[in-house]
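Here's what TrEMBL has on this protein:
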type     : residues : note
DOMAIN   : 27-516   : domain 'K+ potassium transporter integral membrane'
TRANSMEM : 63-81    : transmembrane segment
TRANSMEM : 153-177  : transmembrane segment
TRANSMEM : 197-214  : transmembrane segment
TRANSMEM : 221-240  : transmembrane segment
TRANSMEM : 270-288  : transmembrane segment
TRANSMEM : 300-320  : transmembrane segment
TRANSMEM : 340-367  : transmembrane segment
TRANSMEM : 388-410  : transmembrane segment
TRANSMEM : 422-445  : transmembrane segment
TRANSMEM : 452-472  : transmembrane segment
TRANSMEM : 478-495  : transmembrane segment
TRANSMEM : 515-535  : transmembrane segment
DOMAIN   : 529-780  : domain 'K+ potassium transporter C-terminal'
Amino acid sequence: MEPESGVPNRRNPSQLCWVNLSRTLILAYQSLGVVYGDLSTSPLYVYTSTFVDKLETHRSEDAIFGAFSLIFWTLTLLPLLKYIFIVLNADDNGEGGTFALYSLLCRHAKFSLLPNQQAADEELSAYKYGPSASVAAPSPLKRFLEKHKKLRTALLLVVLFGACMVIGDGVLTPAISVLSAVSGLKVTENKLTDDELLLIACVILVGLFALQHFGTHRVAFMFAPIVIIWLISIFIIGVYNTIHWNPRIIQAISPYYIIKFFSETGKDGWISLGGILLSITGTEAMFADLGHFTALSIRLAFACVIYPCLVVQYMGQAAFLSKNLDSFQYSFYDSIPDRVFWPVFVIATLAAIVGSQAVITATFSIVKQCHALGCFPRVKVVHTSKHIYGQIYIPEINWILMILTLAITIGFQDTTLIGNAYGLTCMTVMFITTFLMALVIVFVWQKSVVVAAVFLLFFWIIEGVYLSAAFMKVPQGGWVPIVLSCVFMIVMFVWHYGTRKKYNYDLHNKVSLKWLLGLGPSLGIVRVPGIGLIYSELATGVPAIFSHFVTNLPAFHQVLVFVCVKSVPVPYVSPEERFLIGRVCPRPYRMYRCIVRYGYKDIQRDDGDFENQLIQSIAEFIQMEAVEPQFSSSETSSLDGRMAVISTRTVQSTASLIVSEVEEFDLSIQSSKSSTLQSLRSAYESENPQVRRRQVRFQLPPNPGMDPAVRAELVDLIQAKDAGVAYIMGHSYVKARRSSSFLKKLVIDIGYSFLRKNCRGPSVALNIPHISLIEVGMIYYV
């Protein structure tokens, strides 16, 4: 009899294989509801949008065969070949989308325009993802692009234009999906009027946007089953229609019918491509939502489920139309057998809502990423799920999207016109993705320029033909995404320009460290107990606003920490690498620097633990500095000292500090007989239960061998923490200089000033407690 201990060893590889397979299948199942809701609802409106205008005169069996052949090859070449086989390989630490490609390029070539970047950022584990750029000599093309700032600015503008188109997608997708779904009520016996259909669509849209603040996680478990039922339904209907109406449609897979289609329709056929391209709307979601799944799971879902179901559905619908040439206006619903009409109508409406939901969530994510790049005004980001990382809701964007979606739905009332705008949006995003992918092939994958050129030309020719056809529809609704993108681009440009000018002012007006050193450790003023956290965008040096304090205030905090919260070109920064701690001036000054780093997809959570993590990190740095001399700057007085990465995953006892938790109550209020104070206390406790129950106290460990200077510094740090923490920020007013041009004054004094006054304040965006905030006014003449 074999020993039992030997059995698990033999089964481990197979068990591991089954675990990986089951995990991939579960992710593939979930991706159907999140990624493919938009793409899978395209059959609702593709043929309706294709056979309109002058193509109505070419309604024949050959034209329908040609249209299906175009749809088949479009689905095969773009989603299947380009995205599934090529683009999904260009992930950034598992993340996808336009910003992921831009982030990869910024790290493998010096394309980034983000301010306050440091060499220490390149040591982040996520930064080193992908092929090493050091093994190959820099190409002439790379040196040329790095040398010219205007080209790097143009690259950023291209990325932002793609982001604006995605935001436009968030406006158009709900409008066309819901309006197409409810249009099925027009083919029933009790036909509804256009006004009644419009009212139903608007009610659904308002409900969809109104429920966003609850978060998608509450109903997300229903998304995948809805889309699966929808896909099974359209697959069965497609098979039925193919067999029942015209089995010869299978021959249309041959590209011969595409040639025949264009030879018969000519220019009208080319313009109709604006409708054909609607069959691949939602394809970009496969790449953009990569971070929530894996490349393998998305590939499996598309190749095994989405692709065959869509092909069969389009085939069946074409077979039906080839024998019913008068049914183009509501081709999808007319092709449904009467016995199953109502169940399919209900599931079509639900699938349209699911597809819209996924695009709205993606829009929130894009806006968040634009803000991380310094290209979008500060907005309130609400975390809708404690368990699913990345589920966010942005109230301002949500209501703007709702108003724009309702305006387009009510204004156009026609899926063909909205489809013209929708097709232009999606194809523009694909066009930009192809361009960025070509750069990734050269600079990240380090392939030859010839390979990148072949990729670029092959897909740009295909997408260019579709894009040119979409641009022909600009007068018929195609102007909407262009106008929306231009408006959002202006907002992004004005904000980015103003932010850069303000940062450059800070950079060129830093306080001289020699001046600080000349004041001595007391800084020429009284140092009172407490910690002052001075927020600045500068990663090095002392901001100009600090001199205002020193010259105008009679006293200042005993411990000063210059805090810089910045974004780095990676999707996520692990908690172990988030804090960079260093010293400003020699040890007696008790002045430190803390740089808090976030990735473009990171979410700044208001967990109330920032102060404690900061204190513990500084204590760890003080200890590290004493043990490792290379971090010490106490003997030098010329520049800031070296900075060290301090792990900040949890607040726990270490060799530097002992951590204890106590109840947090204000005894004066607790014992007070005043009913007003008692009611204030109970209201505060009910609103902030987690803050009330937990307060961290720090103590020094009994270590007789500790350096007296280190012990004294740690004691000062703990006493300062017990005395209280104040957050100090500059309330800045940015104005253009009198000598500035009219355009600059218009951008800074009107545009940027308007955005600053109407966006969230920096203290709100950084989750700074209002009761501890000190703001000092300062005017920037840029």
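Glycine is treated like the rest: Cβ placed from N, Cα and C.
Annotations in TrEMBL come from automatic prediction, not curation.
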Among 63-81, 221-240, 270-288, 452-472, 515-535, point out the range having the most Cβ pairs under 8 angstroms from the transmembrane segment (300-320).
221-240
With the greatest number of Cβ pairs under 8 Å to the transmembrane segment (478-495), the stretch among 63-81, 270-288, 422-445, 452-472, 515-535 is 422-445
For the transmembrane segment (452-472) and the transmembrane segment (63-81), check the count of CB pairs under 8 Å (sequence separation 6 or more) and say whether it reaches 3 or more.
yes
With CB pairs under 8 Å as the measure, which of the listed stretches 270-288, 422-445, 515-535 comes out on top against the transmembrane segment (153-177)?
422-445
Let me spell it out: take the transmembrane segment (388-410), skip the flanking residues so only those 6+ beyond its ends count, and list any with a Cβ under 8 Å from a Cβ in it.
170-172, 174-175, 178-179, 198, 201-202, 205-206, 209-210, 212-213, 215-217, 291-292, 360-361, 363-365, 367-368, 379-382, 418, 421, 480, 484, 601, 603
Decide whether the stretches the transmembrane segment (270-288) and the transmembrane segment (197-214) have at least 3 CB pairs under 8 angstroms, with pairs required to be 6 or more apart in sequence.
no
Report, as numbers and ranges, every residue of the chain located at least six residues beyond the transmembrane segment (221-240) whose Cβ falls under 8 Å of a Cβ in that stretch; write 'none' if there are none.
29-34, 36-37, 40-41, 43, 305-306, 308-310, 312-317, 335-337, 340, 343-344, 347-348, 350-351, 354, 357-358
Distant-in-sequence neighbours of the transmembrane segment (197-214), which means Cβ under 8 A and at least six residues beyond its ends
174-175, 178-179, 182-183, 185-186, 349, 353, 356-357, 360, 382, 384, 393, 395, 398-399, 401-402, 405-406, 409-410, 413
